[in-house]
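Trainee: Pasting the relevant annotations from TrEMBL:
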type	residues	note
ACT_SITE	Lys35	active site, proton acceptor
ACT_SITE	Tyr268	active site, proton acceptor
BINDING	Arg131, Met316	substrate binding site
DOMAIN	247-375	domain 'Alanine racemase C-terminal'
MOD_RES	Lys35	N6-(pyridoxal phosphate)lysine
Amino acid sequence: MLACSVTLSRSAFSHNISLYRKLLGEKTKFAGIVKSNAYGHGLLETAGVVIEAGADLLGVNSLEEAVLLRKSFPKPTIMIMGSVPDLRPRLQELADSNFWVLVSRVEEMELLSQLSPAPKIHFKLDTGMSRLGESYLHWKEIATEIKNKKLPLAGLATHFASTEDFTEHSYSMFQLNRFQEGIELFRSFGFKDLICHCASSASAMLFPEARMDMVRVGISMYGLWPSLETKLSLSQMGKEFGMLRPALTWKTKIQHIQSLPSGAFVGYGSTYKTTYPTRLAVIPVGYYEGLDRKLSNHGYMLVHGERAKILGRICMNMTMIEITHIPDAKLNDEVIIIGRSGKEIITADDHALWTNTINYEVVTKILDRFPRTIVD
Ligand SMILES: *Cc1c(COP(=O)(O)O)cnc(C)c1O
């Protein structure tokens, strides 16, 4: 028996994508971002569903992810958003006219443009994230160099630093203005038909001007909000987006049951001590499988539609939960780690709150080797 399984709801994906479609003009492309094993949801499984649901293209971080995707999906456009370290020896792998590569340096453009077929090249303009891309101080030189060397430029991109973190968006507006100035600058050098894009989930929801030619949507395609601040911003602006539907359910089964007397210690470090006769279930999922160790003595799972508290420390491959109040629970019964059971639900946001992180990290950490099964 595998330790756990992940199921993906096809209808949740198409529902979440349709919420964006309602906002987007006909000319704005929807890029479904499937980097990092599709935020833990499973790269190939998610890609298939997302293409079916009508995404125009797929976005990944690395060349490895793009190559893996291409083996299963010969047709769709795949955008590589991260940098390709050590580009020169791997150049041939990028010879695909349906690859879009976001670059930060002209020398990368020179290498890529020699390929046949050559991928489409988008230049990253850093507008305030201070990560990939080039600072506005150098945009003029870069535009001049690209023009003089007659390099093919297909698009311009930037990335917002803090739309998710605030309900006051002056920094994002500053970045947006700077990006628009960059676009104008490149146009003034004669670059035409540039595909310009900057918005991820939150910015695409909040700022109509940021949708431009394409939005790059990750977290909310999976049915998770980029942040609470994003929800608050929407309501402050008097806007509605609609209900997102989480696509992922993470579940396992009861592996062992023990009945403990009052006064028994549970787990490493003996950090939990029963104060009454306690029925305890062991599940075969621990921090190796992607469960945060900060959930030790903190947080719940679901059994038979009831909350089952995590007792003691999360182990490497196991976790103990309380089932005293669920007398029907027996060996091999289903345990929901993230998802719904009866009237109860535990979300990636609950995990994020319990472990002081963001939902992005919670789902991305689910170990990739468990099967991802698509359900309707
Ligand atoms: C991950 C990523 C996105 C998607 O962000 P979400 O907040 O998950 O929608 C968009 N653009 C870039 C460059 C990214 O790295």
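Backbone N, Cα and C define each Cβ position, glycine as well.
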Trainee: DSSP secondary structure for Tyr268 (active site, proton acceptor), reduced to helix/strand/coil, please.
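Mentor: Once the DSSP labels are grouped into three classes, Tyr268 (active site, proton acceptor) ends up as helix.
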Trainee: Hey, what's the Cβ neighbour count for Tyr268 (active site, proton acceptor) at 10 Å?
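Mentor: Looking across every protein chain shown, the total is 12.
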Trainee: Determine the most Cβ-crowded residue among the recorded positions Lys35, Arg131, using a 10 Å radius around each Cβ and all protein chains in the structure.
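Mentor: Highest number of other Cβ atoms within 10 Å: Lys35.
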Trainee: For Met316 (substrate binding site), write down the residues of its own chain that are at least 6 apart in sequence and whose Cβ falls under 8 Å from its Cβ; none is a fine answer.
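Mentor: Long-range Cβ contacts: Gly286, Tyr287, Tyr288.
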Trainee: Along the domain 'Alanine racemase C-terminal' (247-375), what average pLDDT does this model show?
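Mentor: Taking every residue of the domain 'Alanine racemase C-terminal' (247-375) together, the mean pLDDT is 98.
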Trainee: Hey, does DSSP put Lys35 (active site, proton acceptor) in a helix, a strand, or just coil?
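Mentor: Where Lys35 (active site, proton acceptor) sits, the three-state DSSP reduction gives helix.
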Trainee: Could you measure between Tyr268 (active site, proton acceptor) and Lys35 (active site, proton acceptor) for me? Cα positions, answer in whole angstrom.
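Mentor: Rounded to a whole number, the Cα-Cα distance is 35 Å.
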Trainee: Using Cα coordinates, what distance in whole Å links Arg131 (substrate binding site) and Lys35 (active site, proton acceptor)?
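Mentor: On Cα coordinates alone, these residues lie 17 Å apart.
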